[in-house]
Amino acid sequence: MAGQSEDPSLERHFKGHRDTVTAVDFNANTKQLASGSMDSCLMVWNMKTQMRAYRFVGHKDAILSVDFSPSGHLIASASRDKTVRLWVPSVKGESTAFKAHTGTVRSVSFSGDGQSLVTASDDKTIKVWTVHRQKFLFSLNQHINWVRCAKFSPDGRLIVSASDDKTIKLWDKTSRECIQSFCEHGGFVNFVDFHPSGTCIAAAATDNTVKVWDIRMNKLIQHYQVHSGVVNSLSFHPSGNYLITASNDSTLKVLDLLEGRLLYTLHGHQGPVTCVKFSREGDFFASGGSDEQVMVWKTNFDAGSYPDLLKYRQNDTFPSGGDYTSIVQPADVHQPARNAHVTQAADLEPHITEMSVKDRSSPLSYTSRSVDQHHPQAEDGNLQTVASTLEHIVGQLDILTRTVGILEQRLSLTEDKLKECIEQQQATVPPSHSGTKKSSF
């Protein structure tokens, strides 16, 4: 039986969204967590306790996808308002938006090198963009229904997409051709992603299943029927040995891909779980749901064998559970009681600073102070509020100074023109005579 110390546990419980949480993602150093919601807001949560959260306001409709850039300097968000926004997660709240599609944008994702974006939309297309200046590169157009999700492969050579046409398509980025279609799902495919090795893909579907394909052999190698509701999202552990899934049945499931079995069922959300994501190192994962909550869990279960998992990654192999692996709840694995870990978690409602959007026509600067880079003496909420207010005042004073300078220049020009007019007038008027000529008789 697994020891208690190896069970995943709920570490944080963030409250602040006003509607269903639709997407979550950690930055590279796991110091921040971004979440998007049907409330149209992007939240950035600081993992360090007692630090404020930030609400970024700019989208005009629901946010359906968020993704941190590999460097952590940018966050991309996709919205029902048909736009994609790039945010600098700083106290300035800078953002740039571009109209990406003619329909709802369901998905946005950075490439591994952080230079490209891929978006998926209800307009049935997938589009690829440069991050710098958001230049459109090309579109992929073979789906015949809404495209729910699109992701780059780890090496950036391939793109995988999932659609309501019940297909998953694999695309070659260079040739821009569809090189494989998988049509084995009984329902719509909500989410798809690459295994960290790039050799497999996993998909979550409305028929309550999770399927894993080997894209080298174009073969279904694992088939999980462990949820009793629609599967909304999934995430691979960076080791490649575990897969976590989120479902409308209110649970998260941890799957052991090496052994082809269900490892844990996690309860915590009060309603459908809509999104889940491992941190870059795999030591945490976050989930969001229709209960408007963001939960951060400590992984724990990979601690004892992590070196072996990394070795597995290096060998670039992937476990096959046969043609189909039917999964049942194992009797020898500790199953935490419903909400057992929730009471142990920090139930946080941090002070939230709302950042109204400041759209930029020029490229975003990455040098702004990040929202997690506070000095110790500024971590107190009141001091941060004062600092933010002072920064705003300084900005306004700078604007006033520039305005006064412009007015002084205009006044000086006016004075010069007036002086010139007076001089010209004096030069054209003949001198007048003061005396009058007397007539003689």
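Glycine is treated like the rest: Cβ placed from N, Cα and C.
Here is what Swiss-Prot says about this protein:
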REPEAT    16-55  repeat 'WD 1'
REPEAT    58-97  repeat 'WD 2'
REPEAT    100-139  repeat 'WD 3'
REPEAT    142-181  repeat 'WD 4'
REPEAT    184-223  repeat 'WD 5'
REPEAT    226-265  repeat 'WD 6'
REPEAT    268-307  repeat 'WD 7'
REGION    347-376  region 'Disordered'
COMPBIAS  348-361  compositional bias 'Basic and acidic residues'
COILED    400-427  coiled coil
Counting only residues 6 or more past its boundaries, what in the same chain has a CB within less than 8 Å of a CB in the repeat 'WD 7' (268-307)?
2, 5-26, 28-30, 33, 35, 37, 43, 45, 47, 229-230, 232-239, 241-242, 244-252, 254, 339, 341-342, 345
Per-state residue totals over the repeat 'WD 2' (58-97) - DSSP helix, strand, coil:
0 helix, 21 strand, 19 coil
What mean pLDDT score does the repeat 'WD 5' (184-223) have in the model?
95
Within the repeat 'WD 3' (100-139), how many residues are helix, strand or coil going by DSSP?
3 helix, 21 strand, 16 coil
For the repeat 'WD 6' (226-265), how many residues does DSSP put in helix, in strand and in coil?
0 helix, 23 strand, 17 coil
